[in-house]
């Protein structure tokens, strides 16, 4: 059985440490547990890393589209690898959760996240799994809008705590991945 794990993020060096790229950062941590590297796949609108485990194949996907067009890459990978919607896990930032909190579940809404909205629209289904990683809200929403906040870099202290945060996330999804 093949499973897709898709990290939501924006391509480009200027976005590497932004809150919106937490999905890419999480995938980097997950990928470090396996041997291999991400390969560019223009036809899939992403880079990917294919991992064979005793429980099946896991394909890690980093879309090369921007966040709002994530569904295009998800659909291309779904078709190419022959994965069911239920075999897809999307890793995304969540401003409605405190920094460091996690939610893992299936059949849920987008919660205002444009990448998840687009994915649901393109797949015509919300039956995929979501790992929502809390990034918090702007401390002063009147002076810093949500878009500016998710495109801002993590603070020094937040960056220091990402590994522990991601370890919790990996532990949460391990049964779904089959290890």
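The backbone N, Cα and C atoms fix where each Cβ goes, glycine too.
What you are looking at is a predicted structure, and each value in this text was computed from that prediction instead of being measured.
Residues 15, 66, 68 are given by Swiss-Prot as tRNA binders; from 96, 114, that same site also lists 114. Of all the recorded positions listed here (15, 20, 66, 68, 114), the one with the fewest other CB atoms within 10 A of its own CB is 68. Its Cβ taken as reference, residue 93 (site 'Stabilizes the basic form of H active site to accept a proton') is surrounded by 24 other Cβ atoms within 10 Å in the chains shown. Highlighted in sequence order, 10, 20, 65, 67, 69, 70, 115 have their Cβ within 8 Å of the centre of the Cβ atoms of 15, 66, 68, 114, the residues recorded for tRNA, and are not part of that set. Ranking the recorded positions 10, 15, 20, 114 by Cα distance from residue 93 (site 'Stabilizes the basic form of H active site to accept a proton') puts 20 first.
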